[in-house]
């Protein structure tokens, strides 16, 4: 975020209503009775000759309307309710045809560029830098806060959210699509909620909660990477500033304070209620969405755009769980980056020696699974002790964005160090939604997990400015180093003593005649060899 590129936020809301957008769950053009009944979401780019004449920008070679490809490989046994959830084989319960864009073109109608590209022909590379929030200037910090606040209040220009399941999507009369408008930031919250919500099994039946399309499996990192990328691109469009980038919060401080919880950043603690945000912060005005879980689970409805109570936050305030009163240590990150396998069977929250499970926080920083442990990402969420510590609500607290950009930075560093080895990302038998080729729920257009399993600077148009901690040695490693050093010292002393003895012997020989009967003739030793060309070593 360069200061000279800042825009006045007060003058850009109206133009947003007609700006192009890429990241809708379902584009507004597809939220119609006809599109839903036909199962086709291939909007026109420039329909100069009438509707349906330029689907997916086909007239200019940007894309084409194709059948959706959905992963059908088996998932793990954690989910036993096949056929009962709209998120299965995403997004085929709603649409079975969508745009497939060519080259670097992207978007619901192939009207924009893939991440990392810009220009009318999407042939110009672009690279933005995600920096440490605390390293930003006062002007840059204020710009970020105001941009987030604007995203919270600005209706998304291109998409709507479903408020009913697929069997009820056309309403009681069969002709009233059940969609609502929602703000840019609240859509960011909604997508997260939709990925973690329970499976509704029917009236009078308890909803199934052991399902999660974005956590506790290999897709944790790829899903949240795209989630952030979506928000960043949405905000770039909103600000009309392609250089805008999301900073990160380096939560690995080992401290029991939240160093970004100040009124010029994410908001300090309220003087009137320690679980609320200070009135001096704009975030005290924010109201959460997707909090009516009981209604969703018993009535089978979905989260809508209705806002509820304020953000709750009480960093290090959970006195009942001392383990979550202090943030991860810098060395935890260093140790995590030494776990060389991306994921390991059963590809779940009990995997051991799994980098994914380690950075997610279900294993200790060395990769060893321990059911009592909460580390790194999980620990940072729980430390916030409020809205940010509840999975379905956590993105309502804007700290979520900064926490996950740092988690993504760790992921990208791991990809760089280990050359993005996809062989440890399971092709099948991961929890539902977590197979390598699964379309991540509920993103649109469909995008697979493996498409995000790439180094960001080379493939996604962003990089991180971060210094990684070096790893301290453990006690056992220090003992090993000490033993090796001692043995090396003994070897040096022995070698020195041998040299002194040899030198004294050579000095005595120097006083003897050059040729005597005891002289070892070279020819005689050579003749003793069976093969003169064979080494004696």
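Just so it is clear, glycine is given a Cβ too, placed from its N, Cα and C backbone atoms.
Residues 377, 381 are given by Swiss-Prot as Zn(2+) B binders; from 404, 434, that same site also lists 404. In Swiss-Prot, the annotation transmembrane segment applies to 481-501, one of the ranges 481-501, 502-522. Packing around residue 304 (N-linked glycosylation site) is summarised by its Cβ count: 20 other Cβ atoms lie within 10 angstroms of its Cβ, all protein chains included.
The recorded positions recorded for this entry are 65, 104, 290, 303, 350, and the Cα of 104 lies nearest to that of residue 113 (disulfide bond).
Within the same chain, residues at least 6 positions away in sequence whose Cβ sits under 8 Å from that of residue 96 (N-linked glycosylation site) are 39, 40, 67, 68.
Here the CA atom of residue 42 (disulfide bond) lies 20 Å from the CA atom of residue 122 (disulfide bond).
Residues within less than 8 Å, Cβ to Cβ, of residue 42 (disulfide bond) and separated from it by at least 6 positions along the same chain comprise 55, 56, 65, 97, 98, 99, 109. Cβ environment of residue 41 (disulfide bond): 26, 27, 29, 30, 35, 94, 95, 97, 98, 99, 108, 444 lie under 8 Å away, each six or more residues apart in the same chain.
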